[in-house]
Amino acid sequence: MHPGEFLTLLAPLSGPIVPIESVPDPVFADKVVGDGISIDPTTRTLLAPCDATVTQLHAARHAITLSAAGGVEILIHVGIDTVGLKGEGFTALVEQGDRVSAGQALLEFDADHILRSAPSLLTQIILLSGEASAIVERASGVATAGASRLMSVGPRRRAADDAQRASSAGEAGASRPPPRATVGVTSAVVAVPNPHGLHARPAAVLASEARSFAAAISVELAGRNANAKSVVALLNLGAGPGAELRIVASGSEAARAVARLVELVRSGLGEDLSAAPAAPERAAPASPAPAPRATRSTDDARRFHGVSAAPGLAIGPVCKIDPLAVEVEEHATDTEAELARLQKALSHTRLELKLLVAGSGKRAEQAEIFSAHLTMLDDPDVITRAEVAIVEGKSAAFAWREAVMASYRELARQSNPLLAARANDLRDVGGRALRHLAGGDEAQAAPAGSVVVAETLTPSEVVRLADQGVAGLVSVLGGTTSHAAILARSLGVPYLAGAPGALLDLEAGATAVLDALDVGEAALLLRPTDAELDAYRDRLGARRALRARQEAAAAERAVTRDGVRVAVLANIASADDARTAVRLGAEGVGLLRTELMFFDRATAPTEADQTAAYQAIADALGDRPLTIRTLDVGGDKPLSYMPLPAEDNPLLGIRGLRIGALHPTILRGQFRAILATRVRGAHRVLLPMVSSLDELLEAKQVLEEERRRAGSPPVELGVMVEVPSVAIQADRFAAEVDFFSIGTNDLTQYTLAMDRTHPRLAGRQDALHPAVLRLIDATVKAAQRRERHVGICGAVASDPEAVAVLIGLGVTELSVSVQAMPEVKSKIRELDAARCRELAKAALDLGTAAEVRALLAPGARPG
Ligand code: PEP
Ligand code: MG
């Protein structure tokens, strides 16, 4: 391509444009094939993006290569993992060698057919001729096939060349030590101005800037020397406040690198130097703000406070989940294959972490942790250590684990506790990559009866740990409405979230009492005295006896003392849940959270997978109603294989039903899978995160189209009342739906403007806030006027303390977590509905959630 010449590529398909980095296949995301753009297609005919010659049409017809003016080579790859379809669902309209003009149809594909077997239709348009040309401009937003400009390709400029070289040097620097010095440049002494010295965050900033230079760079302190591109090495220098460093560089751009890094160190490496020296390094997500009614014993150093994410009491030895405790083969014979496996695992982990950072939105602490993990993952010293071991005959998994452990031990030896604490981060990220190398999640085994302590817990970890019979769970990150919390509640495992980070540094094995009975006073008590242990054991015994009585009566209906019947249904996520729910007295399923079937997988479930899962649940329920909620991801629930644009406020962005608009094939496919399920009782479809009438009407039309196409009988359609706008316009919504399900978790979040996953706000997220109660009241009244059915499926329905006020507001259906059913039913039987109504009326006039709680407190409660 000649200087000044540019080639415009038109969009070959219509649909939202997705950055290539977000494509859930590292081959594309990491630009292994080349730079490009992805489109999530809404059209089915692939058009030529420019005049070109078809140089290759893949035998499976899912990919086509074009050669355009100026030697520009373009690959268009339809879908992810579509090669396995062996051409099924694709019809080629051109042949190899054909000359095509811009906008000409190249191939057609059957999206429904493809999505039954492949995880995604995302289509990648990749520039192959990397050396000669580069993308100089790229579009964003939504593309129109044959009309929108997708990208401009121009000759690779020198500057772009340099930048590219620098960044690939950075990446290469991640896998091998910097080149040897040729001509060295050494800076003058520069003192570390940071109040805590060169700790993790500034070290990460320094390393990441150093990696943008091709030069070999080191940092010297008192005769010791560290690779400036390695966070671990920088931390190991132990440079405290005022430490006198010298930056030494050699090779390409050495002088520029030294000047830039000196300037960065002087400026505090991104830290606010005016901050009080005593400020903690990472704002501890530890203790939530105290719940209004709680008093806490702050004087006892053995007590670690958090919030009760799943209520209960547990006594057992502390078990810390060790991400590095994985069985791996020590030796391997094929060095090249093992080196490639290591790179692949690192690249998977990198992608996983990037998605976690992108999904963190404004949860700055979370984004910060995962960004720090990203820098540690690419640490050249750790990677070099692992590669050397592989070359010496070790397997990639063994070599990586030993390299991480060695660096971990060095860091943990640091006398500066802030630096030593970063050892845990290295262990964590090392374990993440190790899971990709070793396969599976065996790292998370914990003895039955133990109290597990971890930095974070994923939904799948909670399920596995519950299966292993652990007595309780504690995590530093997370809140009461995370999916891990929802699962812990449904599995009946006590869970304390938002605990202090210091817990991670404790020795495992000590006896602990996890007291998560009370949201405000939930805590882990370490090394209880004999008297404390006796008291807790008595409490545990009494709770078990009460529970046995409640379970014995679980199959009976829940009717108040004055004869008002309240249906108690279950919130579930799987067929196992459905079977347990039926055993514990569920009168149906009020909420099937389908998204949990979409988590913790590498690819999306196919329609057939989904129907099979729904059918197993319907079979377990017999003639009881089944309410299937469509996919509710986005916000606090990112999916690794469904790229969503990074958003500043993901909880206010593309989540719930809004995903349906962005990925229409997913919503349609899910509707089809739901309609294909044979349900003997009421068959209900529930739409999540609806905020305006047009979203509902659009989805309603799609459902009806699919129903007609499939010739299925009508199903009931309902909306979640999770956004205040829906409660306020409940009369308008009631005209369009068959039922309402009030999701108080989100309704509270959006009414009180409090992020539901925020650990520090967890204690103040109370659905009994009078503002939320007023919205429930408005919804119930509008539903009653139209004779629409209304239930509550948010966590407040599972709170025995709250049931009285909900019944008083006229709610006659509660959908609760599986384990809460026996207790909620027995609570209803103790109540008098007429007195509940008086109580609700009073609650609506109160000012705060604390006042409502006080009204409901034992002694003041009706019944
Ligand atoms: C809710 O928001 O109350 C609800 C039940 O939905 P989820 O917790 O799955 O967002
Ligand atoms: Mg919700």
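Positions of Cβ are set from backbone N, Cα and C atoms, glycine also.
Feature annotations, reproduced from TrEMBL:
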- 325-352: coiled coil (COILED)
- 165-181: compositional bias 'Low complexity' (COMPBIAS)
- 275-286: compositional bias 'Low complexity' (COMPBIAS)
- 25-129: domain 'PTS EIIA type-1' (DOMAIN)
- 185-272: domain 'HPr' (DOMAIN)
- 153-181: region 'Disordered' (REGION)
- 275-299: region 'Disordered' (REGION)
Q) Excluding the flanking five residues on each side, which residues at least 6 beyond the ends of the coiled coil (325-352) place their CB within less than 8 Å of a CB in that stretch? A) 24, 26, 29-30, 174-175, 374, 377-378, 383, 386-387, 390-391, 393-401, 429, 431-438, 442-443, 445, 640
**Q.** Secondary structure composition of the domain 'HPr' (185-272) [DSSP: H/G/I, E/B, coil]
**A.** 30 helix, 21 strand, 37 coil
Q: Averaged across the domain 'HPr' (185-272), what pLDDT does the model get? Just tell me the whole number, please.
A: 85
Q | Structural state census, the domain 'PTS EIIA type-1' (25-129) (DSSP three-state) | A | 17 helix, 47 strand, 41 coil
